[in-house]
Every structure is written in C-alpha cells, then in structure tokens.
Amino acid sequence: SKTISKCYVQVTGMTCASCVANIERNLRREDGIHSILVALMAGKAEVRYNPAVIHPAAIAELIRELGFGATVMENCGEGDGILELVVRGMTCASCVHKIESTLMKTKGVLYCSVALATNKAHIKYDPEAIGPRDVIQVIKDLGFTTSLVKKDRSASHLDHKQEIRQWKRSFVVSLVFCIPVMGLMIYMMVMDSQLSDAHAHHNMSSEKMEALHSSMVLEYQLLPGLSVMNFLSFLFCVPVQVFGGWHFYIQASRALRHNTANMDVLVVLATSIAFLYSLIILLVAMAERAKVNPVTFFDTPPMLFVFISLGRWLEHVAKGKTSEALARLISLQATEATIVTLGPDNVLLSEEQVDVELVQRGDIVKVVPGGKFPVDGRVIEGHSMVDESLITGEAMPVTKKPGSTVIAGSINQNGSLLISATHVGADTTLSQIVKLVEEAQTSKAPIQQFADKLSGYFVPFIVAVSVVTLFAWIIIGFVDFEIVEKYFLGYNKSISAAEVIIRFAFQASITVLCIACPCSLGLA
C-alpha cells in the first residue's frame with residue numbers, strides 16, 4: 001500500500017472562493033497528490049500526498065506558480081482535533097485507567113487524559129482517522145455516559161455592559177461632588193485677587209467691600225482652624241474618595257499584590273495622600289486653634305477622579321461596540337446539524353440530529369430550506385439558492401449545485417441540499433472570522449505596549465521624585481529658613497520654624513504627586 005503523508009501550506013494572496021477552487025482544481029491534477037483542502041480565512045491548505053512521488057516544498061512551488069504566496073508550515077500539530085468531554089459514572093482510578101487505555105489503543109487518538117475529580121476528559125485526535133462521535137461511542141461502549149462540555153455560545157465574556165455601568169456611575173458621582181468644589185475654588189481665587197488689589201489701592205467701593213465680606217464668609221471659622229471653605233470641600237471630597245475611587249482602590253491593591261505598579265496605583269496614591277494630608281493639616285490647625293486657615297488639597301481627588309473615570313467609561317463604551325459586532329457574528333452559528341447516512345445511489349438510510357461540535361469531516365449533512373449551514377462543505381446533491389450575505393456582503397442569493405462550496409452560517413433558501421463537510425468546528429470560515437476579530441481585540445497596539453511599559457517605570461519614578469522633593473525642602477529649610485519663609489503662604493509667627501518647614505516640604509511633595517497624576521492621563 002502507498003504511504004500517504006499530510007502537510008500544511010500557508011497560502012497568501014487568496015481573495016475569494018474562486019481562488020480556492022483554482023488552487024484545488026490545479027493541484028488535484030498533479031502526480032502524487034491525493035487530496036487538497038484549502039481554507040480561505042485561515043489561509044491554509046491541507047495536502048495529502050505520496051512522499052515517494054512529491055515532497056512539500058514542491059507542493060508549495062506548484063501553488064506559487066499559480067500566483068499565490070506559499071510556505072510549508074512546519075508544525076503539523078495544527079490539524080489535531082481537540083475534544084473536551086464530561087464523563088459520568090467513573091468511581092475510581094481503575095475506571096480512569098480503563099477509559100484512557102482503551103482510547104489510546106483506538107486508531108487516530110493521539111493523546112488522552114481523564115480527570116476523576118472533575119469528571120472531564122481531554123482528548124486529542126487526528127480528524128482524518130477518527131471523529132468526536134467515534135470517541136464518544138468508544139466511551140459509551142465501556143459503560144459510561146458522556147457528553148460534550150457545553151460551550152458558552154452567548155459570548156458573555158465580550159459583554160462590557162457591567163463595566164460601562166460601573167464607570168458611568170463613578171464618573172457621575174465624582175462629577176456631582178466635583179462641581180461645587182470647583183465653584184468654591186474659583187470663587188476663592190477671584191476673591192483673593194480682589195483682596196490683593198484692595199490692599200494695593202486702599203480706596204474701595206461699597207460693592208467691593210460686600211464681595212469681600214462674602215468671601216470672608218467662606219474663610220469664616222466654624223471652629224478655630226476650621227474654615228467654612230475647608231469644611232465644605234471636605235464634605236464633598238469624602239463621597240468621591242469612597243464611591244468614585246472604589247474601583248481604583250480594588251485595582252490598585254491587586255496590582256500591588258503582584259508587585260507591579262500601574263496607572264491605578266498612581267491615581268490612588270496621589271488622591272489618598274492629598275486627602276489624608278489635607279485632613280491631618282486640618283486637624284492640626286484645629287488642635288492648635290490657628291488663626292490662619294491652612295492650605296488644603298481637597299479639590300484634587302474629585303477632579304482627578306472625574307477625568308479618569310470619564311476616560312475609562314468612554315474606553316469601555318468603544319470596546320463594547322466592537323464586542324457587540326462580534327457577539328452578533330457568533331450568534332450566526334448554527335447549533336445543530338442533521339447528519340444522514342447514504343446507501344447506494346445516494347438513498348437516505350437514516351438521519352440524526354447532533355450538536356454542531358460533533359460533525360466530523362466527511363460527514364454528509366442535510367440542510368432543509370430555510371436552514372443554516374452548520375459547517376463549510378461541498379454540495380453532493382440538490383439545487384438551491386443560498387443567502388451568503390453574512391460573509392460576502394452579497395445581497396443576491398447564490399445558486400448552488402453539486403460541486404459548489406457552501407459557507408457555515410449562510411442560509412439555504414428554497415431547495416434541500418446534501419453537503420459533505422470539509423471544514424468543521426474551529427476551521428469554518430465563520431469561526432475563523434470570529435477568531436480574527438477576537439485576536440484583534442486582545443492584541444495591543446505597539447504604542448499601547450510602550451505606554452504600559454513606561455507607566456511601569458513612571459509610577460516608582462514619580463514616587464521617588466516626590467520623596468526627594470520632601471527631603472530636599474526639609475534640608476533647605478533647616479539650612480536657610482528665609483527661602484521657605486518667602487514661599488510659604490500664610491506664615492505667622494505663632495508656629496515654630498520646624499513645623500513651617502515640614503508643612504511646606506509636604507505641600508511641595510504632594511504637589512509633585514498630584515501634578516504627575518494627570519501625566520498618567522497623558523499616558524492613558
């Protein structure tokens with residue numbers, strides 16, 4: 001008997017089904033080539049040949065002569081079918097051994113492992129020699145019940161609804177509390193500039209005086225050291241820190257547990273330090289009944305959270321759009337197929353309904369009018385019009401007669417067809433398209449990888465810089481106090497010099513952290 005080998009050739013430059021037909025037709029004529037099967041979306045040809053007559057490199061050359069790019073693929077493991085089964089009725093290790101040894105003796109099974117604890121069997125097989133139904137039959141004959149591991153066809157992992165909701169909520173919360181804080185800040189700024197004007201000119205109109213008094217209301221101390229302005233800012237800041245920042249905290253803690261620093265860590269660090277520092281400063285001011293209101297950073301966290309949660313929300317909305325398209329594609333796949341057994345002269349002997357995953361290459365599948373094609377195949381018998389618009393975009397139905405190729409997911413219109421399955425499971429055109437879209441979504445753009453890498457260095461770098469700032473100012477302060485005195489606002493003689501220096505140093509280092517945080521927006 002002639003030995004038959006199998007090789008895979010990567011084919012580039014195929015644009016449509018006629019390219020496929022062209023390659024298949026021409027190569028079938030060649031000596032030593034047994035059969036050839038070309039998958040358009042995967043760009044792959046599977047050739048069975050007689051190694052005594054022809055070798056893979058020559059086959060690739062033949063395809064090149066037709067005007068396509070062709071390279072022989074080294075790893076032939078690509079062609080192995082993989083089957084995941086749930087096996088019921090196993091009681092002990094000997095059952096497991098019985099199933100494994102029987103399957104391994106079966107022709108065409110390459111690898112098999114059965115887990116007693118989970119009742120699962122993982123089987124690799126050669127689709128040329130054996131198919132999933134045969135494997136299931138072997139296990140049934142041993143006296144166990146078995147079924148396919150149900151695949152999640154709903155594509156729920158592509159659903160971004162929950163994230164969209166969550167970021168929208170955190171954006172709205174932050175925004176609601178951010179606006180009043182912003183308003184207060186701007187108001188204070190305007191008033192401060194008018195105050196300094198007034199001090200410069202000494203002569204003031206009555207309206208100006210009133211405006212200043214209203215500004216004084218915000219500076220008015222409810223308790224010694226606690227101004228209205230700071231109290232309100234604090235009230236508005238707490239909900240944002242808790243509700244707006246909730247997801248950031250979760251993400252950041254996860255990142256830190258794995259010893260990595262990402263964007264979330266920086267956001268959390270900056271906002272928490274700004275918040276805690278402001279809170280402590282306030283408490284200190286109240287404890288020492290300060291006359292001058294301390295400078296707080298309560299405005300930073302809400303503003304940061306607003307920007308970043310808005311960004312995240314938009315990002316997930318965009319992702320959701322692509323995923324929706326993908327989910328629609330997945331939903332086009334048929335779930336069941338009618339497999340028929342033919343007698344001589346194509347007489348129907350029997351038919352059975354099976355799961356699409358159980359259709360084997362070479363099976364004869366019957367497709368009724370209005371039905372979906374479960375797999376890619378070739379028509380054996382029957383004439384019909386087929387709507388292939390989901391793949392080709394061609395609105396007009398295409399005529400199918402014996403010998404024509406059909407695409408999984410397209411819809412049969414008026415005649416009943418018998419087709420022979422050529423591509424099943426993950427090899428069908430539709431599965432390949434879904435796979436391409438999924439890969440495109442999961443792979444990162446080079447610039448994005450670069451940004452991620454940078455932010456890995458960026459976070460520790462910023463933290464280091466702010467620590468350096470802190471110590472640098474403390475040293476400067478103790479060496480030359482005048483410099484600090486010049487820049488520190490609201491310095492009054494009642495506080496000790498050391499405390500002034502430390503406060504100023506803290507302000508400077510927090511400012512570095514908070515300003516570097518929007519840089520992470522730049523990264524984003």
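Including glycine, each Cβ sits where the backbone N, Cα and C put it.
Curation plays no part in TrEMBL annotations; they are all automatic predictions.
Here is what TrEMBL says about this protein:
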type: DOMAIN; residues: 5-71; note: domain 'HMA'
type: DOMAIN; residues: 81-147; note: domain 'HMA'
type: TRANSMEM; residues: 171-190; note: transmembrane segment
type: TRANSMEM; residues: 222-244; note: transmembrane segment
type: TRANSMEM; residues: 265-287; note: transmembrane segment
type: TRANSMEM; residues: 457-479; note: transmembrane segment
type: TRANSMEM; residues: 500-523; note: transmembrane segment
Cβ-Cβ under 8 Å with the transmembrane segment (171-190): same-chain residues at least 6 beyond its ends: 215, 218, 229, 232-233, 236-237, 239-240, 243-244, 298-299, 302-303, 305-306, 309-310, 313
Confidence summary for the domain 'HMA' (81-147), mean pLDDT rounded: 88
Three-state composition of the domain 'HMA' (81-147), taking helix and strand from DSSP: 23 helix, 24 strand, 20 coil
Residues in the domain 'HMA' (5-71) grouped by DSSP into helix, strand and remaining coil: 22 helix, 24 strand, 21 coil
